[in-house]
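Undergrad: Features from TrEMBL:
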DISULFID  Cys43-Cys49  disulfide bond
DISULFID  Cys157-Cys218  disulfide bond
DISULFID  Cys164-Cys170  disulfide bond
DISULFID  Cys181-Cys196  disulfide bond
DISULFID  Cys191-Cys237  disulfide bond
DISULFID  Cys220-Cys225  disulfide bond
DISULFID  Cys247-Cys319  disulfide bond
DISULFID  Cys254-Cys260  disulfide bond
DISULFID  Cys271-Cys289  disulfide bond
DISULFID  Cys281-Cys343  disulfide bond
DISULFID  Cys321-Cys331  disulfide bond
DOMAIN    36-113  domain 'GDNF/GAS1'
DOMAIN    157-237  domain 'GDNF/GAS1'
DOMAIN    247-343  domain 'GDNF/GAS1'
CARBOHYD  Asn353  N-linked glycosylation site
CARBOHYD  Asn409  N-linked glycosylation site
Amino acid sequence: MFVFPPYHPDETLRSLASPSSLQGPELHGWRPPVDCVRANELCAAESNCSSRYRTLRQCLAGRDRNTMLANKECQAALEVLQESPLYDCRCKRGMKKELQCLQIYWSIHLGLTEGEEFYEASPYEPVTSRLSDIFRLASIFSGTGADPVVSAKSNHCLDAAKACNLNDNCKKLRSSYISICNREISPTERCNRRKCHKALRQFFDRVPSEYTYRMLFCSCQDQACAERRRQTILPSCSYEDKEKPNCLDLRGVCRTDHLCRSRLADFHANCRASYQTVTSCPADNYQACLGSYAGMIGFDMTPNYVDSSPTGIVVSPWCSCRGSGNMEEECEKFLRDFTENPCLRNAIQAFGNGTDVNVSPKGPLFQATQAPRAEKTPSLPDDLSDSTSLGTSVITTCTSVQEQGLKANNSKELSMCFTELTTNIIPGSNKVIKPNSGPSRARPSAALTVLSVLMLKLAL
């Protein structure tokens, strides 16, 4: 006997109101999302939308959510606003009216969730740029294309600081946060953390990524370099404290602030480990993850490297799971999203190595290493070039994955690559045959040749 699942009106309202449910060209009235400040202006210009928006905010401000959302007037307001740009609206990090935009976003979406959600949807527009775009802008390949001996001896974090000093904007904002974060207030108060955080936010929001990423994610071969990397954000002021608070308590404090809450949600959206991708990152986008990580610096949830190890990359907010009680499992899960996050770790390593993943490459960013030549068979001449056509785009995908050192045993791209690399070529043609097909397809021509010779001898 089939049993229908229990009906939850709150979940139905949330699904109707969620931005994801409103996206897609197949939906009637779908429109490209606009930023929430503009969406609010459009709503305010329409009397019906404006009055319904005020009604909904009053509904969502109530304490008894079940009664509030079951109210017919609240439901009517929700239905009207579903057709407005407010439910689709997003914000841009660092935009002029970012805080106002986020306040509008959360004024709606906070009331449409039941209690605390572990992962919240990001209020920011999706990131479309990639690490390769930053590499092309700055030509910052740590050790890539350089003398390996020289590269191994280089302190890439020191080089990053020097590069920042050559840019006026980077030098100015870096000097500002260093001065503020190092300024001692009193013998008992080493600095003004609030001002330090503000200066750090200005630096990471206003300085181009080709400078800030070099300082945050530089690759290191020794402890001195790794310590310089750890000291980038002046952790004694911006990060460390006398005691470590509980991570869930710290998350609760962060979520009381619209900016901090948004940056944390964005980190989870872009760095949450995915086992459906080659890199473990959502959409295989390292840039989105690193940008979200950098976006949390200067808030209560500021992350940093936990030690000066040049080999092991472990980052964490300044918190622990002590005193979690029956919430310990949730706390550990939250903390592991930082300390044991393969997406974040791979993204940091990829930037330090100057590499990226070609998901749909327009052309190889780096010169691809030559694929290993298949073992020769009697049908292959000794002078066959490795450049013979084998489906270039497939080989590029394969080598790009191999160069990352990533495990993708179940990857479609890797299996395609393996198939093409284990094929044989008929001499004098561009035809490719599978190894399991054997040389049988080449035999008919040989048999006809032998038959012709025998007939000639008989004729003589």
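Glycine is no exception: its Cβ is also placed from the backbone N, Cα and C atoms.
For each feature listed, report its degree of burial, its nearest neighbours and the pertinent distances within the displayed model.
TA: Around Cys49 (disulfide bond), a 10 Å sphere centred on its CB holds 21 further CB atoms from the protein chains shown.
Counting Cβ atoms from all protein chains shown, Cys157 (disulfide bond) has 26 others lying within 10 Å of its own Cβ.
Non-local neighbourhood of Cys170 (disulfide bond): Ala163, Cys164, Val207, Pro208, Tyr211, Thr212, each in the same chain, at least six residues away, with C-beta under 8 Å from its C-beta.
Summarising the environment of Cys196 (disulfide bond), the number of other Cβ atoms within 10 Å of its Cβ, over all protein chains shown, is 25.
The 10 Å shell around the Cβ of Cys237 (disulfide bond) contains 22 further Cβ atoms across the protein chains shown.
If you take the C-beta of Cys225 (disulfide bond) and look for same-chain residues 6 or more apart in sequence within under 8 angstroms, you find Asn155, His156, Cys157, Leu158, Cys218, Pro310.
Within its own chain, Cys319 (disulfide bond) has Lys244, Pro245, Asn246, Cys247, Asp249, Leu250, Leu335 as residues 6 or more apart in sequence whose C-beta sits under 8 angstroms from its own.
With a 10 A radius on its CB, Cys254 (disulfide bond) counts 21 other CB atoms from all the protein chains.
Within the same chain, residues at least six positions away from Cys271 (disulfide bond) with a Cβ under 8 Å of its Cβ are Cys281, Pro282, Cys289, Ser292, Tyr293, Asp337, Asn341, Cys343, Leu344, Ala347.
Around the Cβ of Cys321 (disulfide bond), the same chain contributes Asn246, Cys247, Leu248, Glu328, Cys331, Glu332, Leu335, each under 8 angstroms and 6 or more positions distant in sequence.
The average pLDDT computed for the domain 'GDNF/GAS1' (36-113) is 83.
Residue environment of Asn353 (N-linked glycosylation site) contains 16 other Cβ atoms, counted within 10 Å of its Cβ in all protein chains.
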Undergrad: What is the number of other Cβ atoms found within 10 Å of the Cβ of Cys247 (disulfide bond)?
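TA: Total other Cβ atoms inside 10 Å, all chains included: 25.
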Undergrad: If you draw a 10 Å sphere around the Cβ of Cys220 (disulfide bond), how many other Cβ atoms fall inside it, taking every protein chain shown into account?
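TA: Here the count is 23.
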Undergrad: Taking Cys254 (disulfide bond) as the reference, which of Cys43, Cys181, Cys191, Cys220, Asn353 (the recorded positions) have a CA within 10 A of its CA?
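TA: For Cys254 (disulfide bond), the recorded positions whose Cα atoms are within 10 Å come to none.
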Undergrad: Under a criterion of Cβ-Cβ distance under 8 Å and sequence separation of at least 6, what residues of the same chain contact Cys181 (disulfide bond)?
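TA: Long-range Cβ contacts: Cys191, Cys196, Ala199, Leu200, Leu234, Cys237, Ser238.
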Undergrad: Among all the protein chains here, how many other CB atoms are within 10 A of the CB of Cys289 (disulfide bond)?
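TA: Within a 10 Å radius of the Cβ of Cys289 (disulfide bond) lie 29 other Cβ atoms.
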Undergrad: List the helix, strand and coil residue totals of the domain 'GDNF/GAS1' (36-113) as derived from DSSP.
TA: 57 helix, 2 strand, 19 coil
Undergrad: Compile a sequence-ordered list of residues in the same chain as Cys260 (disulfide bond), six or more apart from it, whose Cβ lies below 8 A from its Cβ; state 'none' when nothing qualifies.
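TA: When sequence neighbours closer than 6 are ignored, Cys260 (disulfide bond) has Val253, Cys254, Met296, Phe299, Asp300, Met301 within Cβ distance under 8 Å.
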Undergrad: Give me the long-range Cβ neighbours of Cys43 (disulfide bond): same chain, 6+ apart, Cβ under 8 Å, in sequence order.
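TA: Those within reach of Cys43 (disulfide bond), by Cβ under 8 Å and sequence separation of 6 or more, are Cys49, Ser50, Tyr53, Leu81, Ser84, Pro85, Leu86.
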